[in-house]
Amino acid sequence: MDVIGSIHEMQSLSDSLRQKGKRIAFVPTMGFLHDGHLSLMREAKKHADILVTSIFVNPAQFGPNEDLDAYPRAMESDLAKSREVGVDVVFTPTNDQIYPEGYETYVQLETLPNHLCGLSRPVFFKGITTVVTKLFNIIKPHVAVFGEKDFQQLAIIRRMVKDLNMDIEIIGGALVREADGLAMSSRNAYLSEEERTEGLRLSQSLAKARAMVAGGETDTSAIRAMAEAHLTGCPAISVDYISLCDPETLDETATITGPTLMALAVMLGKTRLIDNTVLVPQ
């Protein structure tokens, strides 16, 4: 496994691989890898000859009062896990390489970020679309895999790739859960034992919603009220949003007539947790 820190070296390697007819798959990460990340890497390997991942904690997607400095980092462990899963190249650029002095170019969508996480994190998706565009230009993949846990991010990347005519196939990787149902996240490391138990209220709310829809419920306000009551049953939970929306446009829907995304975001103590499921009417 090669570990490359230089943009020029990474671009040169990608050019060489493409000239040899190799198909490149890419999984971007911010490190502190867990089984959710590794499942994306295993999925990516099915679609290419060479698997490239990146480890870069992107400062552009963190707001001024968010957890950039505290975000967990474990480079040696990440490299070991990457090697075990069969990654061929890990790209590890520095902040100064990605955003050198005088940097002023950003990529931003008009409407998709104005939903869900984008409402409370105004710089978040501008930072993501910018860094992903740069990584695509550096790594030059044929295919890239993003997790369905970050459903809005996946929708935004798909729209960006389509709108900007990027010749890259985008694949969604299934959300991976802990044995007790908690959606895997690097930020789970922040949770105390008690908070971790309370964090199960997200997946429990989604399970209750699926049961309601299976029983014939189509009124999204009833489902939202159920989730609100279950989540706020824990005093330490502050709800950011409970959304039932179109999976492509992310526009809110009043009635479930087809596949509907149910997405949740809360602050549990000082930790932000998100989760989602797609509700399918009977």
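Residue positions begin at 1 at the first shown residue.
The backbone N, Cα and C atoms fix where each Cβ goes, glycine too.
Pulled from TrEMBL, these are the features on record:
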{"type": "ACT_SITE", "residues": "HIS37", "note": "active site, proton donor"}
{"type": "BINDING", "residues": "30-37, 147-150, VAL176, 184-187", "note": "ATP binding site"}
{"type": "BINDING", "residues": "GLN61, GLN153", "note": "(R)-pantoate binding site"}
{"type": "BINDING", "residues": "GLN61", "note": "beta-alanine binding site"}
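According to its DSSP assignment, MET30 (ATP binding site) is coil. The Cβ of HIS37 (active site, proton donor) lies under 8 Å from the Cβ of VAL27, THR29, LYS81, GLY147, each of these being in the same chain and 6 or more residues away along the sequence. The CA atom of GLN61 ((R)-pantoate binding site) is located 18 Å away from the CA atom of GLU148 (ATP binding site). Looking at SER186 (ATP binding site) and GLN153 ((R)-pantoate binding site), their Cα atoms lie 16 Å from each other. Per-site Cβ counts within 10 Å over the binding-site residues MET30, LEU33, VAL176 peak at LEU33. Within 10 Å of the C-beta atom of SER186 (ATP binding site) sit 19 other C-beta atoms, taking all shown protein chains into account. Taking only the Cα positions, the spacing between VAL176 (ATP binding site) and GLN153 ((R)-pantoate binding site) is 16 angstrom. In the three-state DSSP scheme, SER186 (ATP binding site) is classed as helix. Between the C-alpha atoms of GLN153 ((R)-pantoate binding site) and GLY36 (ATP binding site), the distance comes to 15 Å. The Cβ of GLN61 ((R)-pantoate binding site) has 21 other Cβ atoms within 10 Å, all protein chains considered.
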